[in-house]
Amino acid sequence: MLPKLSVAAVLLQLLGAVDASSAAARSVRPSTLLERAGDLLPEYDYIVVGGGTSGLTVADRLSESGQYTVLVLEQGIYQNSPFVTTVSLGFWGLLDPSLTFNIPSVPQPNLNNRSIAVIVGKVLGGSSGVNGMQVLRGQKEDYNRWGSYFRKNSDWSWDGMLPYFKKAWNFHPPSAELASQMGIKYDTSFWGSRGKVHASFPTFSWPVLKMEMAAFGDLPGITYPADSGSGETGAYWHPASVDPTTVQRSFARPGHWDDIEAARPNYHTLTGQKVLKVTFEGKKARGVVFVPADATEQIQARSVKARKEVIMAAGAIHTPKILQASGVGPKKLLQDAGLPVVVDSPGVGSNFQDQPFSIAPTFNFSSFPFHPDFYDLLTNETFIAEAAAQFAANKTGPMSIAAGNCGSWLSLQVISPSKWQQIATRYEAQDPAAYLPSGTDAAVIAGYRAQQIALTKSMRSKDSATYNFFLRGGYEEGSVVFLHPTSRGSVTINPADPFFSEPNIDYRALTNPTDLEILQEFTPFTRKYFYETRLKDLDPVEVSPGSDVQTPQQIEAWLRNVMNPSTFHPIGTAAMMPKNLGGVVDEQLAVYGVQGLSVVDASIIPDLPGSYLQQTVYAIAEKAADLIKERA
Ligand SMILES: Cc1cc2nc3c(=O)[nH]c(=O)nc-3n(C[C@H](O)[C@H](O)[C@H](O)COP(=O)(O)OP(=O)(O)OC[C@H]3O[C@@H](n4cnc5c(N)ncnc54)[C@H](O)[C@@H]3O)c2cc1C
Ligand SMILES: *[C@@H]1O[C@H](CO)[C@@H](O)[C@H](O)[C@H]1NC(C)=O
Ligand SMILES: *[C@@H]1O[C@H](CO)[C@@H](O)[C@H](O)[C@H]1NC(C)=O
Ligand SMILES: *[C@@H]1O[C@H](CO)[C@@H](O)[C@H](O)[C@H]1NC(C)=O
Ligand SMILES: *[C@@H]1O[C@H](CO)[C@@H](O)[C@H](O)[C@H]1NC(C)=O
């Protein structure tokens, strides 16, 4: 939900913008920001491909002892403009096109052939520098499920992740005043206080949210866990990745790069460089080839060597692309592109998932006794001016809110008490190959079967969330996210131009009919939330699709027209699963079939957690750094 550009312009003016250049970067930093590729050492212990959320976290941890030399290569540049730092409303990064990749997906036949904009970060700090700042953790079952693909007692589990959630974040509770006013529950035992990225609450909240949060409790089966980080389903308040001192975005670059205390001569960063491929000596990764970000031919290519490991952190869209271009991927795809095959790894680029959005009705409250509300900050110029003055003077008030701080994360049985069992049973009985692309490799099919069994268990569990309603605090509401889609897409190199062209990205949205069966239940449940709870006192009126859309056929037609298969949460394209299940990396995050190559970003997530991703990505990266150091 983007603010209109005119509003954006007003806000920027009021905030006293703008130094949008990279000149604000100190020329000497704890990690030396190299100005020219010619200043590189010929060899580093570790080369990190992508200076995003996971990449900067891992590089910080690997360089902190001073024992290893580390190089980060990032395609974006150092950017500290208000488009990056501004907290208010959450999505300023999307208004500066230089900060993101924006790649059109393959047209989606099940969405009336619409092509979807694939948006991920392209800046030092990656997607953490442009995201909505919502800080959420999945349910316990999510993390236990990932380990279950390997063995009993894998340390990829809730218990194995909890220490890394704590290590990654510095949690700041809400003020006592706000907590009691809004009824915010939190429990610091789920959090750490020494992490390099901040999780904090705004100093103000939209008054209607208290009633909207209470309304969830009017429906059967919805509870209020002790904390957003307790790994449970229900309705809760959660923090945002905001530094409470500056009230600016807290993300991987300030946390894991700007704030490194002492100079680290062993740590180099080179921005504005696009890695084309990993180079091998036999099966051992030995370095990378890269070009300036705007290059269109390999003539400007340079190479640099890695002694110990090349660490892929280019995100779930570009990591599989670079692996494939390097000869690590499905043999047939590589051969079609005329690339030498280093290892036939059929899972690279398959198993692609994201969380669909724009899938449930929106409502307008026609009796609305609350002022102010979220829309005042978008449309009421008097209110905007007051809020901006308050923020400028005291860094408090409505402009300390990012994309939002509360909502509900609900199980299938809560949203569909009458159909959840049938849906789960039908899904369980599916032929796993039936809805994957024809010609899918047997190991990838076996991996999908394993996920199918595990996800059926989640569908039957009260403790696993399928449906998420996130609240904005306005007279109009209806932001619903589908957390566990069953369809699987792909990210593949363009065989005609594997190095310079963006990859082909296919969500394969709604290819598995279970997704539509589940989404069909979202509409009646969302209507119940507005009509059968205390919210009915606000005289809700359905705005979209409208009360004339009732039959399954009508809901389906509407969904095909409006659904977006992405909330910017791509994962799964270099999955951590056993090799015979189409996995790309093992439990140590090392790529199968080669040496000296690992993946640490969202690509390794085998299937989606019942939440958004950043908290999980930081925790994975913290764990990855320990795994890499252990084998150094
Ligand atoms: C607009 C948006 C909103 C979001 N909102 C939320 C939210 O509110 N809450 C939440 O929990 N999650 C949110 N997310 C998701 C979350 O931010 C991401 O899942 C997470 O940051 C991904 O981290 P990563 O390390 O896998 O990849 P990234 O952080 O994307 O890092 C990848 C980096 O690799 C670089 N790169 C790519 N290709 C190359 C190449 N060839 N050579 C060199 N460098 C390269 C990129 O420029 C980028 O910096 C959002 C994401 C986006 C994009
Ligand atoms: C989508 O495009 C394909 C191929 O061009 C075409 O066959 C199909 O009819 C189109 N579907 C819709 C719903 O427009
Ligand atoms: C939506 O609700 C607001 C606040 O109650 C009201 O001012 C507005 O007229 C309503 N709009 C529609 C289309 O119902
Ligand atoms: C706009 O905000 C101001 C200041 O809070 C308030 O007095 C006014 O009523 C608001 N206007 C509308 C149309 O809601
Ligand atoms: C800033 O805070 C002070 C102290 O609480 C208060 O007196 C002042 O009015 C605030 N300024 C604005 C512009 O809100």
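Positions of Cβ are set from backbone N, Cα and C atoms, glycine also.
Marked as signal peptide by TrEMBL: 1-20. Annotation comment: TrEMBL describes THR53, SER54, VAL123, VAL275 as FAD binding site. Here TrEMBL flags 315-329 as domain 'Glucose-methanol-choline oxidoreductase N-terminal'.
All features noted in TrEMBL, drawn onto the structure.
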residue: THR53; record: FAD binding site; Cβ within 10 Å: 32
residue: SER54; record: FAD binding site; Cβ within 10 Å: 34
residue: VAL123; record: FAD binding site; Cβ within 10 Å: 30
residue: VAL275; record: FAD binding site; Cβ within 10 Å: 24
For FAD, whose listed binding residues are THR53, SER54, VAL123, VAL275, the greatest C-alpha pairwise distance in Å:
17
So which residues does the domain 'Glucose-methanol-choline oxidoreductase N-terminal' (315-329) touch in its own chain, when a touch means Cβ under 8 Å and the partner is 6 or more beyond its ends?
49-50, 52, 101, 103, 118, 120-121, 126-127, 275-280, 337, 339-346, 348-349, 352, 491-493, 498-499, 502-503, 505, 570-574, 584, 591, 593-594, 597, 599, 601-603, 605
Suppose we screen the binding-site residues THR53, SER54, VAL123, VAL275 by Cβ distance to ligand 5 with a cut-off under 6 Å; which survive, in sequence order?
none
In three-state terms from DSSP, label THR53 (FAD binding site) for me.
helix
Translate the DSSP assignment of VAL275 (FAD binding site) into the three-state scheme.
strand
Kindly report the helix/strand/coil residue split of the domain 'Glucose-methanol-choline oxidoreductase N-terminal' (315-329) according to DSSP, in that order.
11 helix, 2 strand, 2 coil
For the domain 'Glucose-methanol-choline oxidoreductase N-terminal' (315-329), what's the mean pLDDT in this predicted model?
99
